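Some notes on the structure that comes next.
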């Protein structure tokens, strides 16, 4: 039986971030809608052509999005909240994504356990009419180039519901969507597609079993389209849902064999003879080449159970960059073992070709393939190249529990820490980076300016930022982070064991792209990383300047990590480096140090049974970094896009003096969770959404702060934006901060009056 190949999605931003540039030009009225759509279609066409050239048999299409594919499907199914219905077309689309005219955007949160963000649909009874026209047109264009290889990718109905905020009865919502999905599938059948991928990653969640009846009734309805359905899951295993998922009326079921325990489940339960198994064997979320021996072992086991398989990446390839061959400045032993999207296509095709060209799957025979032998040799060369640091290894071996503890408990530390006005105001750390600031880094990289000239220019930006914060009236200042291209990249560039790409961009959300570092060896800090800029800022003001660090867990979760040692060990190596930085900042006069952990929660395994293991080492890594701080030094941390209710005990164990939170876009849910848990430490309540260009009014901010005061003791509360301000423009930031300070003054007076009346 010939083994076919498939893809489940592809990078969306363009090899040179063409979509990002087009979006930002469109938002600044420098590009019209027609040109924006043309850019997106050109990227789509290039993606299809590449997959066709490589020889992929079933090419997933329709996943490219101007901002977010969940938003795309929300609009197609008429899930449009009333506040956006006065807009139409792209104006409506981007109002939902970014907010407009004082109307807030949809809530944004992380896509499962990845660093991609999606916009949370709000489902009420008032559905708008469906409109699949853009998707159907995409399918037609794909068929023109790809013919029967074109396979539409559709976000599954139960995953769409699971990701949504339901404001109606679940059964009604399922019934509505079920009928409209059937309409869509019939439209696709009329176009002559050979199959449709229904992406249901929600099936790997623990609660999937409770949706069993909904899945069964939904797929019983969808089968009426008489169209082959390919059920796609990824990010983890099916768990307890395995037996009934195998009985769903679909022709192919795809599973992720790079995460979770699907291989063990396959051994236990077998696989139905009437279905094809989609084998997600190439890791769609990391950037390393396959380990031939390991991959062939897995495939040997799978084929001993079912011969009817197709091969594909474990997930969409949107989580990896385009092409590792472009990274010519990386050391050759490292570059040779990298696999970005284009290389992963090659790996899928290679494995299928090797299996199809051999009689049977004996590993010894298969491993004689010259291409697989070459990959083995590349891995051996890399292992000799990858740095090992004996000092770091010794420090890890000698760690004790005392290294993870602050000298005094929180209640005693607080009395020693700086005294500030009630409800002190601050920011999360970064300020807008203009084109001129970004150009400074480019000039330095090209050796067009010296390091001294670069630092002098950065110092001017710091001085301007400090003056601005003083003029606005903030209580605790920051230096603005103008020297940092990215909160992870900046630190990684100064740590041994990290490597950086030139073209390794991936989408975080909308037009925001990041270049995750690559961890390839032991991590150490050769010299201080942030002390110089902190000292410059603190010398310019009598107010406290908060020093800014990125935490070890966020650096792990936002990097492409090693696969030869546990992530926990890599996190502790980073924590040791940050621990030394905290000590140096204290010695330089820092009274407040923020260790950001915005990605703490996103690293949670999708199944709660594995949470404690992750949270144990994640919290320990933070505590190791912060534990060196003196009791009079106030340690802050920041978390965004987080639901805290189910991990609050672990957040408390971080033992941070001040926790700042994303809050405004989640309708205060985060605030309420912290309140319900009886959290005792100080909380920086995110009072406005920095991901929207809208400037919050004083009245809006006053109402937000009143909610905070109603839920937390005033002496617990700090006032800050939701997140860093780097991606905003100065003309948005300045009035927003002024309004925030003005609103805080109003609330301070109300709190004082309330105390006097008590």
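Any Cβ shown, glycine's included, is placed from N, Cα and C.
Per Swiss-Prot, the feature 5-methyltetrahydropteroyltri-L-glutamate binding site maps to 17, 18, 19, 20, 110, 512, 513, 558, 602. There are 18 other Cβ atoms within 10 Å of the Cβ belonging to residue 17 (5-methyltetrahydropteroyltri-L-glutamate binding site).
What Swiss-Prot records for 428, 429, 430, 481, 596 is L-methionine binding site. Look at residue 428 (L-methionine binding site): DSSP puts it in coil.
If you look up Swiss-Prot, you'll see 428, 429, 430, 481, 596 marked as L-homocysteine binding site, on the strength of sequence analysis. Neighbour list (residue 481 (L-methionine binding site), Cβ cut-off 8 Å, at least 6 residues apart, same chain): 429, 430, 431, 487, 490, 548, 724, 726. Secondary structure from DSSP puts residue 481 (L-methionine binding site) in coil.
Under a cutoff of 8 A between CB atoms, and with a sequence separation of 6+ in the same chain, the neighbours of residue 640 (Zn(2+) binding site) are 598, 661, 662, 686, 722, 723. The Zn(2+) binding site annotation in Swiss-Prot covers 638, 640, 662, 723.
What Swiss-Prot lists as active site, proton donor is 691, and the listing cites sequence analysis.
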Of the recorded positions 428, 596, 638, 691, which one has its Cα closest to the Cα of residue 17 (5-methyltetrahydropteroyltri-L-glutamate binding site)?
691
Restricting the comparison to the recorded positions 428, 596, 638, 691, which residue's C-alpha is spatially nearest the C-alpha of residue 19 (5-methyltetrahydropteroyltri-L-glutamate binding site)?
691
L-methionine site shell beyond 428, 429, 430, 481, 596, criterion: Cβ within 8 Å of Cβ centroid:
427, 478, 487, 548, 594, 638, 724, 726
Taking only the Cα atoms, work out how far residue 691 (active site, proton donor) lies from residue 513 (5-methyltetrahydropteroyltri-L-glutamate binding site), in Å, as a whole number.
14
So if I draw a 10 Å sphere around the Cβ of residue 596 (L-methionine binding site), how many other Cβ atoms end up inside it?
25
Cα distance, residue 602 (5-methyltetrahydropteroyltri-L-glutamate binding site) to residue 638 (Zn(2+) binding site), nearest Å?
14
5-methyltetrahydropteroyltri-L-glutamate site span - longest C-alpha distance across 17, 18, 19, 20, 110, 512, 513, 558, 602, in Å:
28
Quick one: largest C-alpha distance among 428, 429, 430, 481, 596, binding L-methionine per the record, in angstrom?
13
Determine the Cβ neighbour count for residue 19 (5-methyltetrahydropteroyltri-L-glutamate binding site): the number of other Cβ atoms within 10 Å of its Cβ.
26
